[in-house]
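Undergrad: Starting off with a structure, shown below.
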Amino acid sequence: MIKMTGVQKFFDDFQALTDINLEVPAGQVVVVLGPSGSGKSTLCRTINRLETIEEGTIEIDGKLLPEEGKDLAKIRADVGMVFQSFNLFPHLTIKDNVTLGPMKVRKMKKSEANEVAMKLLERVGIANQAEKYPAQLSGGQQQRVAIARALAMNPKIMLFDEPTSALDPEMVNEVLDVMASLAKEGMTMVCVTHEMGFARRAADRVLFMSDGAIVEDSDPETFFTNPQTDRAKDFLGKILAH
């Protein structure tokens, strides 16, 4: 479903990604862990070309990701993304935030888009907030709207870039629960997160990044109980000590 081959990314002289080779089959849930500045978010953002790459290729569902144009827009429509910030339109109701993409990009009729939106808002547990505006919702609720909005496009892949890091601690679990239920339903997911419990519980596979490279790639049990590199051991020692 996702194939990255020899991907290199620079910000001026700084190499953010080094020779990334990664294949994610359909239905797999991949959690990307690593210290700050290790390239996790950059990796996630290159998958739908929010960040350009200097070398290498990226394929989504067998199609080469172009640099720009209509073909890129088509592929992007199949890749849902949820960010640290919710990026909801403040002047639109919750329901209208969710229906906008399907109507504009998928050319869905308003009645059908409304039906899809209400089903998804139900699924993420906030159908009763459909007519409210983003400012009237908590951070956790807004992030769940952002997930519903991404799902409304019926994506083949969902990317999550630290979706809980801007939330108050008591709101984190409500978002992780939605993500875990998506994982159980077989959605192909790449999640950048610091939530170790989620990684252990919901991931099929853990990637550990350091200095722009993937240095470990294993199942969660192996990674958390028997990490292979000193860098990963050090990282887990610091994180799990708290």
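Keep in mind that glycine also has a Cβ here, set from the backbone N, Cα and C atoms.
Straight out of Swiss-Prot:
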- Gly34, Pro35, Ser36, Gly37, Ser38, Gly39, Lys40, Ser41: ATP binding site (BINDING)
- 2-236: domain 'ABC transporter' (DOMAIN)
Undergrad: Please compare the binding-site residues Ser36, Ser38, Ser41 by how many other CB atoms fall within 10 Å of each one's CB, and tell me which has the fewest.
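TA: Per-residue Cβ counts within 10 Å for the binding-site residues Ser36, Ser38, Ser41 bottom out at Ser36.
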Undergrad: Name them in sequence order: residues not among Gly34, Pro35, Ser36, Gly37, Ser38, Gly39, Lys40, Ser41 whose Cβ is within 8 Å of the mean position of the Cβ atoms defining the ATP site.
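TA: Close Cβ neighbours, site residues excluded: Met209, Ser210.
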Undergrad: For Gly39 (ATP binding site), what is the tally of other C-beta atoms lying within 10 angstroms of its C-beta?
TA: 23
Undergrad: What does DSSP call Ser41 (ATP binding site) in the simple three-state scheme?
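TA: In three-state terms, Ser41 (ATP binding site) counts as helix.
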